[in-house]
Amino acid sequence: MLKPVSRADARSLISMPEFVTIIALLMALTALSIDIMLPALPAIGAEFSLTDDNAAQAVVTAYMLGFALGQIVYGPLSDSWGRKPLLMAGLVIYGIASFALVFSDSFAFLLAARFVQGFGSAAPRVIAIAAVRDLFGGREMARVMSFVMMVFIIVPVLAPTVGGAILLAGTWHWIFWFMFLVAVIAIAWSALRLPETHPAEKQEPLSMTWLARAAKTTITTRQTVGYTLAIALVFGCLLGYINSAQQIFADIYGVHDSFPIFFGAIAAVLAVASFLNSRLVESMGMRRLSHAALVCFAATGIVHTLLALFWPPSVYVFSAILAVNLLAFGFIMPNFNAMAMEPLGRIGGMASSFVGCIQTTGGAVLGYMVGQAYNGTIMPLTLGYAVFGSIALFVVLVTERGRLMQPVNEVSPG
């Protein structure tokens, strides 16, 4: 039987570097499961005789929909049963689905198994963020999340290259063997080293009354709802890019073999942003940093759209502008997540589920819209960044009652 410990005990049972690394690995399962598949999408489309070039993008969308649904389940249950049992259950589901995907013999089966895989991977994402919120609050949480992102970003940088290397050695089925191996490592490491961060005295008895009360508290907290919607809009831009990146680089710019290099180089900017955020957030505050980044994010999207209209950029200009967008994204996400979770420490699982579900569902829908709008130009992508970024800025303005970059009193852990 797992023995829950106090917050102080949990922080003493594992070193900060190891805690950050495990949390990053758990959160990175989603990025790995998406980005490692990108080089394989053309091969999957060819094997299953998909007539629409955009149809293979459903491999990403099916995963994201399962991921969104799973977050509704794991968070509230972890508030009642503890973080670790739900984490283990989700990782096992992810591993079983990865194993099943190796033997996919139809596109329908592939999509169904990807949905289940996404459902399982929701647990590590929800539990990871809830665990950080259990132990840290305010700017300290944002700082820890920045360290997590610095480790996490290694995955999207390397995943397409790893996927491409696996395809050189075998078929796309082998990619799912790799995911299965990662699942086994995550299960073993988490079981042996990650402590329970939600102590028994804070676990709420599971009941419909408590669930209703926790849900009401979550959806009526202005700060949580506002920043969650903003996250969904910004995340939709990123998923739109991920969905159409392979087609843009290959079809528009003729970059085939070098695609993983371009994709990884652009993604590496996130590591720079995460490092800078971890250094600056204590002195400048979450709002000042993230609000300025969101203004930059929206403005860059508008500039990129105007360039696409009047002076279509080269692959290098296109990549540089996207790098600026991702630099801003790296300041937005850890701080917006921390601010969305900040008021709801005692029901961190429910809050993490709400934030994650809305972020993922909204992002998946918006990203799918952008990906399906691909028409042989970069315009759908740049327009998505401009429109969604501007709406996100408006949402934050409303949430903060018209005041941007103004510090407020922050909440302690618990």
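Even glycines carry a Cβ here, placed using N, Cα and C.
Database features (TrEMBL):
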type     : residues : note
TRANSMEM : 12-34    : transmembrane segment
DOMAIN   : 19-401   : domain 'Major facilitator superfamily (MFS) profile'
TRANSMEM : 54-74    : transmembrane segment
TRANSMEM : 86-103   : transmembrane segment
TRANSMEM : 109-132  : transmembrane segment
TRANSMEM : 144-168  : transmembrane segment
TRANSMEM : 174-192  : transmembrane segment
TRANSMEM : 224-242  : transmembrane segment
TRANSMEM : 262-280  : transmembrane segment
TRANSMEM : 292-311  : transmembrane segment
TRANSMEM : 317-336  : transmembrane segment
TRANSMEM : 348-371  : transmembrane segment
TRANSMEM : 377-398  : transmembrane segment
Listed stretches 12-34, 54-74, 86-103, 292-311, 317-336 vs the transmembrane segment (262-280), most Cβ pairs under 8 Å: range 317-336
Are there at least 3 C-beta pairs under 8 angstroms linking the transmembrane segment (348-371) and the transmembrane segment (54-74), leaving out pairs fewer than 6 apart in sequence? yes
Same-chain residues at least 6 beyond the ends of the transmembrane segment (292-311) with a Cβ under 8 Å from one of its Cβ atoms are 230, 234, 237, 317, 321, 324-325, 327-332, 377-379, 382-390, 392-393, 396, 404-405
The recorded stretch from 12-34, 109-132, 224-242, 317-336, 377-398 sharing the largest number of CB pairs under 8 A with the transmembrane segment (144-168) is 12-34
